[in-house]
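For reference, the structure is listed below as structure tokens.
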Amino acid sequence: MATIEIDHASRWFGNVVAVNDVTMTIGPGVTGLLGPNGAGKSTLINMMGGFLSPSTGSVTLDGRPIWRNEQIYKEIGLVPEREAMYDFLTGWEFVLANAELHGLGKKAAQLAIATVEMEYAQDRKISTYSKGMRQRVKMASALVHDPSVLLLDEPFNGMDPRQRMHLMDLLRRMGAEGRTVLFSSHILEEVEQLASHIEVIVAGRHAASGDFRRIRRLMTDRPHRYTVRSSDDRKLAAALIADPSTAGIEVDLTEGALLIQAVDFGRFTELLPRVARDQGIRLLTVSPSDESLESVFSYLVTA
Amino acid sequence: MSLAYNPTVARLTYRALLGRKRAMILFCLPVLLIAISVAVRALTGADDQVAADVLGGFALATMVPLIGVIAGTGAIGPEIDDGSVVYLLSKPVKRPTIIFTKLIVAIGVTMAFSAVPTFIAGMILNGNGQQVAVAYTIAALVASIAYAALFLLLGTITKHAVVFGLVYALVWETLFGSLVEGARTLSVQQWALALAEKVAGNDLVKSDVGLPAAIVLLAAVTAGATWYAGQKLRSLTLAGDD
């Protein structure tokens with residue numbers, strides 16, 4: 001059982017706070033670290049991987065500090081986001097070097113390359129690899145020593161759907177074997193498909209935690225905003241406000257549109273077309289005005 | 001501090017050093033030195049003073065520090081810059097071991113590309129008359145150690161290691177050293193010359209530093225720089241891209 005314990009950890013760079021008083025526990029199984037770009041996911045992963053010291057608070061693995069403790073890498077496998085690796089080596093030479101640095105030999109390297117199914121290209125230079133191939137070799141380098149903890153920073157970036165599926169299968173297997181697997185992503189669907197547990201980070205803060213159903217519900221239950229144009233805006237507004245699924249309606253005279261705030265997403269989406277039909281009003285435009293991921297996330301922070 | 005040599009770290013460092021474009025300078029400078037020596041020998045014949053001037057003025061004063069900058073900073077700088085050093089550091093290998101191994105590689109490369117051509121150039125210039133070739137070869141060997149350690153440290157602590165290295169090698173050692181008395185005492189070149197002075201005959205080699213002081217300073221700079229680089233590597237941080 002390998003458990004990463006993040007206890008009231010903050011990290012700032014000069015005046016910028018990248019991670020703000022985060023407390024979370026990452027245990028065995030697959031955990032997804034979800035958040036928009038710039039939320040502090042990489043900073044958090046760097047602290048868990050021993051490449052950044054928390055400014056305050058602590059980050060430990062089974063009670064042992066990770067920062068400035070190179071022996072911890074016997075248990076941690078790291079898949080960095082950055083592309084740079086030893087491009088002048090072949091895939092085989094690279095993975096073998098990683099195995100040797102762990103005091104292991106060819107057997108471990110072979111096994112790791114087989115796990116990511118890269119035998120067919122192992123004698124080619126890494127500089128000739130596609131992004132997906134690089135990602136797999138990085139993965140092999142992190143797996144050579146059969147670690148109990150696997151940390152992956154945006155592992156699906158730039159992968160095609162087939163490579164993505166392959167890596168997801170692999171990570172699922174690792175999690176099922178009882179390893180502690182943590183990966184970061186800014187795409188909810190990605191995290192939902194793979195992670196049994198999700199931690200959401202927004203603007204450096206720990207915004208939510210739980211399984212994907214809980215996170216999904218949090219995200220769909222939030223107030224939704226719509227911009228609606230119709231043949232009779234005021235009549236439509238009057239009919240809609242009578243229903244409890246609508247929290248507020250503003251008549252925007254300059255734009256000639258209604259700005260509607262709905263609190264019950266499911267009910268409102270049924271209500272709007274029904275009311276329009278009953279009242280004989282033609283709907284000209286119905287568009288959600290804040291569907292960006294950032295607004296979804298920022299709702300979670302304030303909730 | 002445990003000083004262990006890690007063959008895997010060494011292999012990666014050699015291949016990174018000799019596989020990059022910068023390595024071309026490693027080959028060009030020695031070729032230039034030998035070409036100059038052939039030309040000088042053909043024009044002036046074998047002359048001990050001329051031989052000492054060429055080896056002292058070009059080989060030791062310019063070529064050795066430049067090779068040292070390329071090998072010393074190149075042994076670790078590019079890896080830290082592009083982030084691939086993560087693969088070295090995410091291993092249960094002691095940080096001083098990584099630095100020590102890279103130092104050995106940097107010393108080896110600096111010696112191979114500076115001391116060997118210096119000796120060949122000396123043989124061409126005056127056939128090792130008055131021990132000039134041997135004296136400067138020893139100076140180049142000794143200077144290689146200190147330069148490699150200094151520039152490896154620079155490569156560990158700053159992104160602009162090559163610039164700082166060049167400023168030290170060319171401005172401090174060459175220009176400043178010839179103008180300001182004190183600067184010459186704090187110069188790897190002068191320390192190395194102190195050894196060469198004992199070997200060559202007829203006052204052909206002169207140093208501003210006494211031999212005991214030179215040896216102490218060389219040892220202190222090499223050990224100090226290596227120790228500090230190991231400490232810096234222990235707390236190397238990688239800021240996230242996001």
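Cβ coordinates come from backbone N, Cα and C, glycine included.
Residues 17, 50, 54, 58-59, 63, 66-67, 70-71, 74, 109, 113-114, 116-118, 120-122, 124-126 of the same chain lie 6 or more positions beyond the ends of the transmembrane segment (B:23-43) yet place their CB under 8 Å from a CB of it. Sequence annotations record features per position, and here TrEMBL assigns transmembrane segment to B:23-43 (among others).
According to TrEMBL, the transmembrane segment annotation covers B:55-77 (among others). Remote same-chain partners of the transmembrane segment (B:55-77), defined as residues 6 or more beyond its termini with a Cβ less than 8 Å from a stretch Cβ, comprise 13, 16-17, 20, 22-23, 25-26, 29-30, 32-33, 36, 85, 99, 102-103, 105-106, 109-110, 113-115, 117-118, 121-122, 125, 132-133, 136, 139-140, 143-144, 147-152, 154-156, 159, 161-162, 165-166, 168-170, 173-174, 188-189, 192-193, 196, 205.
For B:98-121 (among others), the entry in TrEMBL reads transmembrane segment.
Annotated transmembrane segment per TrEMBL: B:133-154 (among others), in sequence order.
Feature annotation from TrEMBL assigns transmembrane segment to B:161-180 (among others). For the transmembrane segment (B:161-180), same-chain residues at least 6 beyond its ends with a Cβ under 8 Å from one of its own Cβ atoms are 61-62, 65-66, 68-70, 72-73, 77, 147, 150-151, 154-155, 187-190.
Here the transmembrane segment (B:209-229) has long-range neighbours at 1, 96, 99-100, 103, 142, 145-146, 149-150, 152-153, 156-157, 184-186, 188, 190-195, 197-198, meaning same-chain residues at least 6 beyond its ends whose C-beta is under 8 angstroms from one of its own. Feature annotation from TrEMBL assigns transmembrane segment to B:209-229 (among others).
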